[in-house]
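Asker: Got a structure for you, written out below as structure tokens; questions coming shortly.
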Amino acid sequence: MKPLLIRAGRLLDPANGVDKSADLLLREGKVAAIDAPGRIKAAGADLIDAKGLIVAPGLVDIHVHLREPGQGYKETIATGTRAAAAGGFTSVCAMPNTIPVNDSPETTRWMLAPERGAAISVYPISAATRGSMGETLIDYAAMKAAGAVAVTDDGKPILGDDIMLATLKAAAKVGLPVIQHAEDTRLTGGCSMNAGPVAFRLGLRGMSVEAESGLVERDIRLLAKVKGAHLHVAHLSTKKALDAVRQARRSGLHVTCEVAPHHFVLNEERIGNYDTHAKMNPPLRAEADREAMIEGILDGTVDAIATDHAPHAAHEKEQEFERAPNGIPGLETALGLTLSILHVRHKMPLDRMISLLSSRPASVLNLKDRGTLSIGAAADVVLFDPSESWTFHATDSLSKSKNTPFDGWSMQGRVKQTICGGRIVFSR
Amino acid sequence: MPAKTSQKHSSISSLSARPVHPASLISITDLSIGEVRRILSLATELEKEDPQQRAKWLRKRRVALLFYESSTRTRTSFELAAKSLGADTTLVSSLSSSIEKGESLKDTGITLRALGAECIILRSPWSGGPYLLAQATGLPVLNAGDGMHQHPSQALLDLRTMLRFLDLKSAKVAAHALAGVTVTICGDILHSRVARSNALLLPQLGAKVILCGPEPLLPETAAQLGPGIVIERDFDHALRQSQIVMMLRIQAERLAGLRLDLGEYTAKYQANGERIAAHAPKALIMHPGPIIRGMEITSDVADGPQSAIEEQVRNGVAIRMALLARALGTKKGARA
């Protein structure tokens with residue numbers, strides 16, 4: 001593999017507080033040198049002209065569903081990672097709700113095998129309990145050794161206090177974070193959207209805010225009892241749950257959280273006349289909750305933007321609203337939406353915005369040498385034009401599934417090239 | 001800024017982005033007051049017409065009734081309405097069709113269209129089902145009740161019943177036609193598509209709607225459904241203000257784990273002879289059916305002189321004739 005010299009871009013590396021015009025040399029899969037434009041001499045290197053572009057660490061998404069093993073008709077590791085590369089991502093963490101559930105080192109290793117054809121780095125997340133049934137803990141040390149970076153029963157939250165406590169203890173022992181999809185499913189039976197006046201008008205059963213915040217509060221209470229444990233709240237969507245995280249953090253607990261772009265871009269009105277492309281779990285919430293997500297991002301409470309990329313086949317979404325599966329793809333729209341909303345509309349500085357998509361999520365799940373352009377770190381880089389306006393078309397998506405609510409949306413900030421491990425994995 | 005722009009580019013744009021045939025009736029809010037007036041007038045015209053003449057309106061047109069839930073009144077009255085306009089009807093119900101084998105609503109709709117159906121009447125246990133069917137087929141779809149969402153033809157037949165009771169001609173239907181009229185809808189509001197359709201329609205005509213029932217069956221958010229709607233937990237108090245009272249049954253099949261003390265419920269919310277005599281001796285008593293005698297209403301009230309229950313059923317046929325004529329766009333129907 002030839003070295004790559006990326007010249008004259010605006011280098012943004014939030015982990016190191018770098019924001020300057022510079023050249024960047026990638027060699028043997030690592031960041032090899034950074035210097036003022038024109039200063040790096042690298043004979044035989046391929047050149048990339050990055051004038052007018054931001055050169056940032058490859059983006060990191062700690063919450064994706066790649067659907068393999070078991071549901072290759074929705075997405076495969078190969079297609080999902082290509083969509084990720086097109087969105088500027090170089091590392092994704094794959095949720096364990098596959099078929100079978102990723103609760104064994106064999107499945108973890110299968111996901112990591114070269115035969116899967118991943119275009120970028122994949123980090124499997126282990127189930128917390130056998131089959132994600134919420135009953136029997138699995139061997140976290142073995143899962144970690146196989147490559148898992150966290151444990152969760154995502155989608156099937158751990159409700160029992162005893163089992164959650166045991167999970168936190170066992171995960172702390174091996175140094176893995178526990179990710180919780182915070183939904184008290186005892187309160188959400190038959191629910192397909194956020195509770196409130198919109199749900200009443202549409203005649204749909206609604207999930208209350210408390211079904212999320214109640215479980216977050218419970219988990220925080222349990223976290224306080226376990227030394228060294230790390231709780232990460234997945235796709236947080238309500239002000240009340242965010243307040244609980246904010247408060248816990250103030251009292252020194254190791255709790256982190258992520259927010260999905262759709263939860264700070266859309267509110268429940270987007271469902272319109274039962275558009276299943278606006279159905280996800282957690283559901284789109286009221287406008288006040290959407291605003292609270294923005295606020296939590298701006299004030300630093302939110303550690304990461306994660307897409308919860310959840311592809312589904314067209315025939316699955318073309319059903320009655322209550323019967324359609326939850327989730328939307330998000331990898332190819334995350335950067336454009338984040339830049340348009342957080343940077344353009346809410347004036348969030350670009351370096352802080354980038355950190356939410358790279359260095360901070362990488363640190364939440366302890367992904368070494370990812371999300372940064374430190375010398376010696378992985379040669380994972382995204383080049384994007386922060387001022388280019390473009391329109392996203394679902395038909396152009398590299399994901400197998402097109403169930404996005406953002407089809408036809410104009411956004412600002414477009415990926416030009418994605419480099420993973422020193423290799424160009426996407427370019428337009 | 002992200003903003004929705006043209007979807008021209010998208011060749012496989014999502015089903016939900018496709019249009020609904022404008023002669024469909026899915027939500028009562030689809031209709032302007034003028035359209036409501038024309039539907040009511042057409043209902044009267046069709047009802048009066050000589051049966052031989054009437055049978056020419058939709059002669060040999062094909063109407064499919066697609067019923068995923070049991071129904072007596074709605075199904076029969078839609079069927080009779082279609083037949084009396086001369087249409088051919090076919091009934092597809094979930095227990096005697098490929099629906100049982102797992103065929104989707106979309107595919108069932110496309111199949112019916114391929115068989116020549118020009119209009120589909122849908123009853124679905126799923127809120128919003130009619131939008132999916134309309135988007136998938138492009139045909140006019142008449143909503144015969146979808147989940148907890150709406151039952152617009154019921155709201156229209158209820159309106160016709162009320163107008164006759166109040167001695168108002170349908171030609172007078174306008175923004176303030178029901179000014180000063182208070183309608184109480186009492187019972188299981190949460191699960192009732194009839195309540196939603198009526199509560200969205202009646203205030204458009206100036207009526208005040210009181211929703212009445214206990215908290216689990218009537219959440220506070222119900223008052224935000226639209227203008228002109230208030231919540232009153234005290235049934236007797238609601239009765240004293242009302243010219244019209246609509247009782248609803250408790251939908252046991254949709255309670256989904258909700259627990260209810262039925263003794264307490266009937267004590268507070270049952271329409272019985274004593275209560276009606278004491279608090280609403282002149283009010284019109286309505287019920288969309290099916291009625292559960294001894295539960296939300298007692299026989300002396302259901303069968304008594306104030307009851308309009310049978311009249312509601314009769315009005316159903318006339319209203320549904322008008323909706324079918326409108327949906328199939330005959331020359332005469334096109335006026336509606």
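Quick reminder: no glycine exception, Cβ is built from N, Cα and C everywhere.
Automated prediction, rather than curation, is the source of TrEMBL annotations.
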Asker: For the substrate site that TrEMBL gives with A:His65, A:Leu66, A:Arg67, A:Asn97, A:Asn281, which of A:His312, A:His315 also belongs there?
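Answerer: It is A:His312, as the record lists it for that site.
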Asker: So TrEMBL lists A:Asp154, A:His181 for Zn(2+) 2; which of A:His235, A:His254, A:His262 goes with them?
Answerer: A:His235
Asker: For the Zn(2+) 1 site, TrEMBL lists A:His63, A:His65, A:Asp154; sort out which one of A:Asp299, A:Asp303, A:Asp308, A:Asp351 goes with them.
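Answerer: Only hit among A:Asp299, A:Asp303, A:Asp308, A:Asp351 in TrEMBL's Zn(2+) 1 site, alongside A:His63, A:His65, A:Asp154: A:Asp308.
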Asker: Would you kindly give the Cα-Cα distance separating A:His65 (Zn(2+) 1 binding site) and A:His312 (substrate binding site), rounded to the nearest Å?
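Answerer: So the Cα of A:His65 (Zn(2+) 1 binding site) lies 10 Å away from that of A:His312 (substrate binding site).
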Asker: Which one is it: of the binding-site residues A:His63, A:Asp154, A:Asn281, A:Asp308, whose Cα lies the shortest distance from the Cα of A:His181 (Zn(2+) 2 binding site)?
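Answerer: Closest by Cα: A:Asp154.
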Asker: Give me the CA-CA distance between A:Leu66 (substrate binding site) and A:Asp308 (Zn(2+) 1 binding site), in Å, as a whole number.
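Answerer: Given the Cα positions, A:Leu66 (substrate binding site) is 10 Å from A:Asp308 (Zn(2+) 1 binding site).
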Asker: Could you please provide the mean pLDDT value for the domain 'Dihydroorotase catalytic' (A:54-240)?
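Answerer: Within the domain 'Dihydroorotase catalytic' (A:54-240), the model's average pLDDT equals 97.
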Asker: Give the sequence-ordered list of residues that share a chain with A:His65 (Zn(2+) 1 binding site), lie 6 or more positions from it, and have CB atoms under 8 Å from its CB.
Answerer: A:Glu75, A:Gly80, A:Ala94, A:Met95, A:Asn97, A:Asp308, A:His309, A:Ala310, A:Pro311, A:Gly327
Asker: With DSSP helix as H/G/I and strand as E/B, how many residues of the domain 'Amidohydrolase 3' (A:327-426) fall in helix, strand and coil?
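Answerer: Tallying H, G and I as helix, E and B as strand, the rest coil: 28 helix, 28 strand, 44 coil.
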Asker: Rank the binding-site residues A:His63, A:His235, A:His312 by the number of other Cβ atoms within 10 Å of each Cβ, and give the residue at the low end.
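Answerer: Candidates: the binding-site residues A:His63, A:His235, A:His312. Fewest Cβ atoms within 10 Å: A:His235.
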Asker: Since the record lists A:Asp154, A:Asp308 as binding-site residues, which of them has the fewest other Cβ atoms within 10 Å of its Cβ?
Answerer: A:Asp154
